[in-house]
Amino acid sequence: MSAVVLGIDLGTSAVKVSAIDKQGNVVAQASAKYALQQPHPGYSEQDPEDWVTQTTQAIRELLQQSEVTADQIEGLSYSGQMHGLVLLDESATVLRPAILWNDTRTTSQCRELESQFGDDFIKITGNRPLEGFTLPKLLWVKENEPNIWKRARTFLLPKDYLRYRMTGKLAMDKSDATGTVLLDITTSQWSETLCNQLDIPLTLCPPLIESTAYVGHINQTYAQLSGLSVNTKVFGGAADNAAGAVGAGILSSDKALVSIGTSGVVLKYEDNAQTDYRGVLQYERHAFPGKYYSMGVTLAAGYSLNWFKQTFAPDEDFGTVVASAEQSTIGANGLLFAPYIVGERAPYADATIRGSFIGVDGSHQRADFVRAVLEGIIFSFEDLIKLYQHNGAEFKTIVSIGGGAKSALWLQIQADIFNCKVVSLKNEQGPGMGAAMIAATGLGWFKTLADCAQTFVHYGKAYYPVTAHVAQYQEMYRLYQQIYVQTQPITAGLLEQRKQH
């Protein structure tokens, strides 16, 4: 067997390790799960040691159960869950459990940042201060755990801690660093303004590197633990969204990525950070040196479908439930669904809005409700596509990944609502493929990530908008756009009633 690279995808619930050859083929894979701790409502934590032990287990399993040998692994890189805070002391020992991206304890710190900096915060970081980001977590520890704060000497993000344990080198790549909202989006350096005004030592911030930068080799200690070779080179890696964009070939501004996971993401490549989205969309550094991406997040994309399935069709599999939508019509026989069942982030940033079915009629069947859910999720994405188009974007292709790419019907619905060609990936591997591409480019197998994509990224069938369908969906979308404004005060009042009773 020829040379391979490893793409290590450190997710929220599991790590997946993929061995990829020079033709972009997945030749071996292994994964391992780890636990999530929720000691209090709104808290979400993990033990960083679990990331190390489970990654090691996955690597050992890959080597033992495949024909890949340690000497064939020329390099590796990472994709990582974003925003999680890992605090280290002067000996680089972890001080407390990592506070994860989905931890919501930091609302008061976010409000303080808004009050102190106003719109300047968006100008500096490209983002609003949201609970998921790392800076509010730092401020929470500073305010609530002063003894730990006094001992802290540096902070890392999840994949950066894993990289440190494998190489002994402390660093953070810039694509992940933007998600801390402590990075100056214009200079791509740590913001001295924020650090000084918030009394955060600049020395707490780790050295910054590019995603494809060479960091070091696997150290002797980790080589003995994992079975890897000390000759294997290690490269920076990227935040999961950046790595996912690389793995999907989102390398130019005429393509958008639509991802339907638990939440939903619409992501666009950006040459610079100059477009003013007024904080509605997040700005992040891309895995490409000097490039960026922006993205809008909807909170309950796949979650809405999962909720519907578990509530109304618990004994059926997802494929059967989704396929039943074919029994309905475009526009679900005049039924609309707003997928705000856990609130919304973009474009509304509203924690109190809730979902609704609009237009329920005695003639509606379950298939109509399924179709309305599928269409409503895509209408929520169309809100973000329209925001991009309002700011001058012209998309020729939309790449669909995740749950929305597993159904031909849903792919056609996307093409018709977006009025754009939609493609899926032939062999969807998620951010792990992007991590492998970063390693392959870092090694010099390819001159650039774009060159690597020519070999590694392949698209499946293209779905084109049907003119008659587009016209019908545009009428439905105009009605859909009224739902938020009309239902917001009602659902906020209902939420308050639930809290009181």
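Positions of Cβ are set from backbone N, Cα and C atoms, glycine also.
Feature list (source: Swiss-Prot):
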type     : residues : note
SITE     : D9       : site 'Important for activity'
BINDING  : M82, H83 : substrate binding site
ACT_SITE : D240     : active site, proton acceptor
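The residue listed as 'active site, proton acceptor' carries a helical DSSP state (H, G or I). Counting only the Cα atoms, the space from the residue listed as 'active site, proton acceptor' to H83 (substrate binding site) is about 10 angstrom.
Its Cβ taken as reference, M82 (substrate binding site) is surrounded by 25 other Cβ atoms within 10 Å in the chains shown. Least packed by the Cβ count within 10 Å, out of the recorded positions D9, H83, D240, is H83. Between the CA atoms of D9 (site 'Important for activity') and M82 (substrate binding site) there is a gap of 12 Å, rounded to the nearest whole number.
In the three-state DSSP reading, D9 (site 'Important for activity') counts as strand.
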